[in-house]
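Colleague: Quick one: the structure is below, questions incoming.
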Amino acid sequence: MHEYSVVSSLIALCEEHAKKNQAHKIERVVVGIGERSAMDKSLFVSAFETFREESLVCKDAILDIVDEKVELECKDCSHVFKPNALDYGVCEKCHSKNVIITQGNEMRLLSLEMLAE
């Protein structure tokens, strides 16, 4: 249930951005959640609804989640691609097994809609 600690940090980050931008209210929070992030979206939403109640700035914020697909990069030929299956072990161009995940294994804050004072 690491979703609760992640959302707690997300709310704190939102409050920081609001303060920095002299906003008194955040209306919308848009996050990208990678398909390999090990994040349970229903728990994430539940945690957000719980934690936003404790924040004056985020109390009425709407949460939008963007699903982010995995993106891979081959370290041998530099080819960047999105795999068609869950087989992340082979480059589709040169067939090397030297590939890394470059996107889709994290949760990112993509944007905030705020009301300035």
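Along the chain as shown, the residues are counted starting at 1.
The backbone N, Cα and C atoms fix where each Cβ goes, and this holds for glycine too.
Per Swiss-Prot, Ni(2+) binding site is recorded for HIS2, GLU3, ASP40. The Zn(2+) binding site annotation in Swiss-Prot covers CYS74, CYS77, CYS91, CYS94.
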Colleague: On a simple 10 Å Cβ count over all chains shown, which one of the binding-site residues CYS74, CYS77 is most densely packed?
Modeller: CYS74
Colleague: For CYS91 (Zn(2+) binding site) and GLU3 (Ni(2+) binding site), what Cα-Cα distance in Å is obtained after rounding to a whole number?
Modeller: 32
Colleague: Since the record lists CYS91, CYS94 as binding-site residues, which of them has the fewest other Cβ atoms within 10 Å of its Cβ?
Modeller: CYS94
Colleague: If you count, for each of the binding-site residues GLU3, ASP40, the other Cβ atoms lying within 10 Å of its Cβ, which residue has the minimum?
Modeller: ASP40
Colleague: Using DSSP and collapsing to three states, where does CYS77 (Zn(2+) binding site) fall: helix, strand or coil?
Modeller: coil
Colleague: Cβ within 8 angstroms of the Cβ centroid of CYS74, CYS77, CYS91, CYS94: which residues besides those meet this for the Zn(2+) site?
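Modeller: Residues close to the Zn(2+) site, other than CYS74, CYS77, CYS91, CYS94: LYS75, ASP76, SER78, HIS79, GLU92, LYS93, HIS95, SER96, ASN98, VAL99.
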Colleague: Provide, as an integer number of angstrom, the distance between the C-alpha atoms of CYS77 (Zn(2+) binding site) and ASP40 (Ni(2+) binding site).
Modeller: 34
Colleague: Return the residues near HIS2 (Ni(2+) binding site) by Cβ distance under 8 Å, restricted to its own chain and a separation of at least 6 in sequence.
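Modeller: In sequence order, ALA38, MET39 meet the Cβ cut-off.
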Colleague: Using DSSP, would you call HIS2 (Ni(2+) binding site) helix, strand or coil?
Modeller: coil
